[in-house]
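Worksheet: the structure to be examined is printed underneath.
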Amino acid sequence: PIAGSMVLAAILLKLGGYGIIRMMQILPTTKTDMFLPFIVLALWGAILANLTCLQQTDLKSLIAYSSISHMGLVVAAIIIQTPWGLTGAMTLMIAHGFTSSALFCLANTTYERTHTRILILTRGFHNILPMTTTWWLLANLMNIATPPTLNFTSELLIMSTLFNWCPTTIILLGLSMLITASYSLHMFLSTQMGPTPLNNQTEPTHSREHLLMALHLIPLMMISMKPELII
């Protein structure tokens, strides 16, 4: 069910990050070197999840693995135990909650019209539903963390934190972000471009779907430009 996927990705997946933030308060704050294996594992796990996204043919599986990769960055930022790292992790959890929920919503919009989640069978939607293609483009750009979205702010904070702690981590971070951009563009091109494989009548999009997407994406830009809205 699409509602379950949206709640799972937006809220329940972030409970792990919240639990780590709570537990880190009772651990020593100065000895971050002892957490080095966990930080490396978190970044390496993010890269492996991103590589798994590249070979997915199921749309919902691709979005789910994308959520896992972003949580790797959150864990790495929390473990370093700096104010910037904590701020970046919390901001990324909020931003990715909106983004992944929006992507699952778009995947359901596509599924309701094609009755399949296979990428190669959902292509050509830019000819049929151009407004939905616009929402897909915006959601994927936010997943890549382009400015002026909250995703960009959070990943910038996390990159600064990790680079200050250990400059070598920028290699793993850069590789992770490169793969994220690759599978996000691959997802967009696979679902929207190319010839349409459908021969039947496609139902047009409804106002509620456009409203739902607007309520997902507008807060990401508003919070990034005016963070005092939630602080």
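Cβ coordinates are placed from backbone N, Cα and C, and glycine is handled just like the others.
Taken verbatim from Swiss-Prot:
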- 1-21: transmembrane segment (TRANSMEM)
- 34-54: transmembrane segment (TRANSMEM)
- 61-80: transmembrane segment (TRANSMEM)
- 84-106: transmembrane segment (TRANSMEM)
- 128-148: transmembrane segment (TRANSMEM)
- 169-189: transmembrane segment (TRANSMEM)
Selected stretch (most C-beta pairs under 8 A with the transmembrane segment (1-21)) from 61-80, 84-106, 128-148, 169-189: 84-106
Go through the chain and flag residues at least 6 beyond the ends of the transmembrane segment (84-106) whose CB is under 8 A from any CB in it; none is fine as an answer. 2, 5-6, 9-11, 13-14, 17-18, 21, 60, 63, 66-67, 70, 73-75, 77-78, 132, 135-136, 139-140, 142-143, 149-151, 153-158, 160-162, 164, 209, 212-213, 216-217, 219-220, 223, 230
Using Cβ atoms and a strict cutoff of less than 8 Å, what residues sit near the transmembrane segment (61-80) while being 6 or more residues removed from its termini? 5, 9, 13, 16-17, 20-21, 24, 32, 35, 38-39, 42-43, 45-47, 49-50, 52-53, 86, 88-89, 92-93, 96, 100, 103-104, 107, 117, 119, 143, 155, 157-158, 161-162, 165, 169, 173, 176, 180, 183-184, 187
